[in-house]
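Chemist: Here it is, the structure in full.
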Amino acid sequence: MPNSHSTQSTPVKNFQNKFLVLTSTPKDFLLLMKPSVMLLAVFTAITGLFIAPNKIHPLLSSIAILCISTGAGAAGAINMWYDADIDSIMKRTRNRPTVTGKIPPSTALTFGIILAFFSVLVMAICVNYISSILLLISISFYIIVYTMWLKRRTAQNIVIGGAAGALPPVIGYSAVTNSIDTTCLMLFLIIFLWTPAHFWTLSLYYTNDYKLANVPILPLVKGINYTKYSILAYTFLTVISASLPYFTDIAGLLYLICSTISGIIFLCYASMLFNDRNNILARKMFKYSIIYLFNIFLYLIIEHCIKHFNIS
């Protein structure tokens with residue numbers, strides 16, 4: 001285990017940590033929770049809430065969303081605690097609060113554990129046990145399976161670890177239905193297949209960063225071309241999976257048209273990567289992949305509203 005995870009109990013170190021906590025700002029703690037990741041998780045969870053066949057009281061839905069966002073933030077905080085050593089090496093992550101010293105790693109760990117505990121507990125008490133268990137699985141999977149076990153050991157880390165990020169819509173859906181069915185599993189599948197293509201485009205752009213940090217990403221282990229073919233394959237599978245809501249009568253023709261157009265653009269980006277020698281386009285595809293996923297889930301919400309209000 002990296003040296004940064006060990007705790008020092010000397011009086012001087014304790015005083016320094018307490019002083020840093022006192023000087024930490026709310027913005028520092030917000031950054032600790034990886035707000036961009038948290039927002040995407042929340043939005044996909046809201047989609048799960050929206051398309052669920054049952055109804056839930058607005059207060060309970062708000063509590064569920066709060067628990068999901070807090071749980072995602074908790075996972076992000078603990079991830080930053082564990083990865084503080086490699087984050088300090090990588091250009092992309094060197095400004096994280098656990099690296100700059102704005103928040104001591106031990107404080108990040110404590111903060112994350114407290115958030116995780118209360119998010120799961122409140123979900124169990126106020127919403128239902130199934131959504132609470134799923135939230136616990138999502139947090140644990142991201143921290144233990146992905147961050148601590150897979151990330152530094154295999155280039156397939158994101159393929160397996162991506163399951164954690166694919167759970168929020170299932171949690172949102174189960175918060176309403178108190179069950180799991182093919183509808184929410186379809187949402188899970190879309191995000192699960194989307195995650196590798198999303199992450200590998202970023203890894204193409206930051207290959208040197210990951211090399212310095214000794215993290216076995218796909219471009220380093222299998223090469224650039226293999227990675228680009230893998231991105232194309234997963235992008236294709238994502239686009240196909242995104243059409244499933246139409247063919248299972250969850251969404252209508254409007255959804256199919258919009259998702260297909262977004263999917264074609266996504267595939268065009270993936271195809272053009274082969275002519276992207278400096279990996280500049282890879283970063284653009286990374287940004288578009290976020291827009292793509294947001295749009296797919298937005299289309300589902302719009303379709304649900306059209307059906308609910310009988311808009312013709």
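Glycine is treated like the rest: Cβ placed from N, Cα and C.
The transmembrane segment feature in Swiss-Prot is assigned to 31-51, 58-78, 107-127, 130-150, 157-177, 184-204, 229-249, 250-270, 286-306.
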Chemist: Answer yes if the transmembrane segment (31-51) and the transmembrane segment (229-249) have at least three CB pairs under 8 Å among residue pairs 6 or more apart in sequence, and no otherwise.
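Modeler: No, these stretches are not in contact.
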Chemist: Grab the same-chain neighbours of the transmembrane segment (157-177) for me: Cβ-Cβ under 8 Å, and only residues 6 or more beyond its ends, written as numbers and ranges.
Modeler: 37, 41-42, 44-49, 51-56, 60-61, 64-65, 68, 72, 75, 123, 127-128, 130-131, 134-135, 137-139, 141-142, 145-147, 150-151, 183-185, 187-192, 195-196, 199-200, 216, 297
Chemist: Would you kindly list the residues that approach the transmembrane segment (58-78) from elsewhere in its chain, counting only those six or more residues past its ends and only Cβ-Cβ distances under 8 Å?
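Modeler: Cβ under 8 Å, 6 or more out: 32-35, 37-38, 41-42, 45-46, 49, 108-109, 111-116, 118-120, 122-123, 126-127, 131, 135, 138-139, 142-143, 147, 164, 168, 171-172, 175-176.
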